[in-house]
Amino acid sequence: MEQELPSSTRPKPKLLNRLNTYVGSSRVGKRFKLAERNSTFTTELRAGTATFLTMAYILAVNASILSDSGGTCSVSDCVPLCSNPTLLPSQCTGPGLRLIQPDITCKFDPVNPGYAACLEGLRKDLIVATVASSLIGCVIMGLMANLPLALAPGMGTNAYFAYTAVGFHGSGSISYQTALAAVFIEGLIFLFISAIGFRTKLAKLVPKPVRISSSAGIGLFLAFIGLQNNQGLGLVGYSPSTLVTLAACPSSSRASLAPVITSANGTVALLAGGSVSGDIMCLHGRMESPTFWLGIVGFVIIAYCLIKNVKGAMIYGIVFVTAVSWFRNTEVTAFPNTTAGDNAHDYFKKIVDVHVIKNTAGALSFSGISKGHFWEALVTFLYVDILDTTGTLYSMARFAGFVDEKGDFEGQYFAFMSDASAIVIGSLLGTSPVTVFIESSTGIREGGRTGLTAITVAVYFFFAMFFTPLLASIPAWAVGPPLILVGVMMMEAVTEIDWGDMREAIPAFVTMILMPLTYSVAYGLIGGIGTYVVLHLWDWGEEGMVKFGFLKRKVEEEEEEVNDTKSIIIGLSSGRVSDDLGKMRPFVQDRNRTEVDGARDLDLRIKRKRKLRSLVLNEIDAKTQTNATISSPNPDPTRSLTGRAHHPLF
């Protein structure tokens, strides 16, 4: 029997082990159920770090996307300019010189200096709003639901918010303030349906192919944004003949487009209701943009990190491209030698600065609530959130091993409530809907199993709030690669679509293709659901007639066919097959035609035939295999054991 070592000579546990033991037995450990979920304090910290590294790109990306909407900036922020663009307004005196008062065109290229300054302040506000809403959402999720899930403004809904609902620099159907009101009301509705437990049931009403393909469609939408110049690499540009074409030319070789009208005296004016685009058209120098090639390097870095499962892959690419772009007097600088570039560089040099939200917090307005576009945006936000968040929550819970046999998981009620609460808070701060991030899977992979992972992410967001000058200086060509690769990851959903069934494949494809090509998540969803309904009208009509007795005779004929098939099976078991094969052949051929046309899930007749055919073929296989074994002791190994392909039934 081994002698027990004295306590003074026993090896002391490592510091981390002692810390884990202490926290696990403390109130904190019991509150977050560390022992019950087989986790430790340091594991949760590591998981939270991994999650933050993989989702921190949202701080720069979300602010960049939402600032494209123009936010609270308007024509009133534009300043008068001298008729001689080389002179400042204060120098605009003398013969032939006059001040030009700004109009609606001041928001578009070339952007008025006053409007550009407002956009810069807006971007700082949105960075802080993104940080604050993410921080609060993670704290609520960690404390209420005790799940390792992080929240932030969702990719996809922010693009819909900026480019469809509000439009580029306010050129959409509703204002930024009205869009925030739509998000606010949507959050309250979300909170209500989550409180009564109706959220999951509502998500199941959406057709499955549309529900699955919407994620992939949003991924294509984000990738398309990342390929353009305003918010990405600039690889895709405008073409007058093909709409889009290869671009990636230097800024000096790009041009804007505008609908104009030429009067009789030769003067050119902007067409009423028209607007000037960004510099989307390449005049020459395609594939010669230095910033494009720097962005490609960032793309390769992120791609290789994703291949090798390196945590924080997005961050490494963004940091590399951004760091190179921070050097002045280079071809890829984010601070050109202009007034706007000088102002941006002065703010960047502060490095640490606590920016207080000035314009976006509490900016929501209900003045446009009576407009149809307001309700279109609200329904779209609600629908996308129901699909995206519900699907993400269940997939993350399943990945963590929380889902039981009934499909439920511990904390799901409070998880839904936390998500809805974060949406309301985000709208009050000025950002698009907040949702659970799929990057939470990174932390779960690291062992995160409790709300401490979410709390850890919240702590990182808190520290990020003090580095707004750095986050505000990330250029578009550093943000483009993550957008494209997020699109790649979201395309994984297409593997769940049954592409052999045209009744699923067509609505799914319509949903996916319309989102990027119409630049609208809403139009993609409407197109997909509409296509699904049209393709299923015949099946639903036939099913309804059967249900209410209009096709009673057809059902009776089916029942007779069932009885005939049963007699065939009995004949098979007794060896009497030849007399009844003729009756069975049309039935199998009809079934084969049904398979070609696609599965008709709602057709009871097809379901019945599928089951009967399976029974018959099993009997044929068994009978044929028995005969083959008796007649040929040494069967040909190259021939099918069942011999079904040679059976006269086929």
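Just so you know, glycine gets a Cβ as well, placed from its N, Cα and C.
Caution: TrEMBL annotation is automatic and unverified by curators.
Among the ranges 374-394, 521-541, the one that TrEMBL lists as transmembrane segment is 374-394. Taking residue pairs at least 6 apart in sequence, the transmembrane segment (374-394) and the transmembrane segment (414-438) share three or more C-beta contacts under 8 angstroms.
The listed stretches are 126-145, 174-198, 374-394; of these, 374-394 has the most Cβ pairs under 8 Å to the transmembrane segment (210-227).
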